[in-house]
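Feature annotation from TrEMBL assigns Mn(2+) binding site to H28, H35, H72, E117, E119. Per TrEMBL, the feature domain 'Nudix hydrolase' maps to 33-167. According to TrEMBL, the active site annotation covers C70, E119. Look at TrEMBL and you will find E90 tagged as Mg(2+) binding site.
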Amino acid sequence: MSPQHPEQVVLLDNDANPIGVAGKVEVHTTDTALHLAFSCHVYNALGQVLVTRRALSKLTWPGVWTNSFCGHPAPDEAMDDAIRRRAEFELGITIDSLEIVLPDFRYRAVDATGIVENEVCPVFRAVTSDVVTPNPAEVAEFAWVAPEALHDAAAAAPYAFSPWLGWQLSQLAAI
Ligand SMILES: [Mn+2]
């Protein structure tokens, strides 16, 4: 499905129940309300995982290396549909398989300009066989890396990656 214009996000109460909607741009402030999102870690047939560098034009965490892609399901949009939509939009790929790996992941983080992310953000593992063709409005650079190397890099230099990626890798290593 195509995203709504302007994009909207689903607001949540502290127990992750939907309580309303808000504009995606308006909701991300220095006092961001809790809302629904997702993170996806994309693997290729070699078992490498895709890391991406956020575009320098993005409002939050510009230029930061992070997991393959993230997004916000629109109101009434199924999570799977939102993930497939963002995979195509950000990376030009289709998803061959998709599984949830951290269903209860939730985080709050503050970027260098003071903008807050505050999300219930289930984490998914996807596999693609496509060539990545990044959307320059979203992704400045990308790399396919060994999962162990990414884990070690993020553990050694957490400041060089998005905070949510570091927390996700820690939780994934514990299961
Ligand atoms: Mn968000």
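Glycine is treated like the rest: Cβ placed from N, Cα and C.
Mapped onto this structure are the features recorded in TrEMBL.
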| residue | record | Cβ neighbours (10 Å) |
| --- | --- | --- |
| H28 | Mn(2+) binding site | 20 |
| H35 | Mn(2+) binding site | 25 |
| C70 | active site | 23 |
| H72 | Mn(2+) binding site | 22 |
| E90 | Mg(2+) binding site | 22 |
| E117 | Mn(2+) binding site | 20 |
| E119 | Mn(2+) binding site | 23 |
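Sorting the domain 'Nudix hydrolase' (33-167) by DSSP state (H, G, I as helix; E, B as strand; all else coil) yields 31 helix, 48 strand, 56 coil. Selection of the recorded positions C70, E90, E119 by a Cβ distance under 6 Å from ligand 1 yields, in sequence order, E119. Within 8 Å of the centroid defined by the CB atoms of H28, H35, H72, E117, E119, the record's Mn(2+) site, lie the Cβ atoms of V9, K24, V27, T32, L36, A37, N118, C121, excluding the listed residues themselves.
Between the CA atoms of H28 (Mn(2+) binding site) and the residue listed as 'Mg(2+) binding site' there is a gap of 20 Å, rounded to the nearest whole number. Using Cα positions, the member of the recorded positions H35, C70, H72, E117 nearest to E90 (Mg(2+) binding site) is identified as C70. A coil conformation is recorded for H28 (Mn(2+) binding site) in the three-state DSSP classification, outside any helix or strand.
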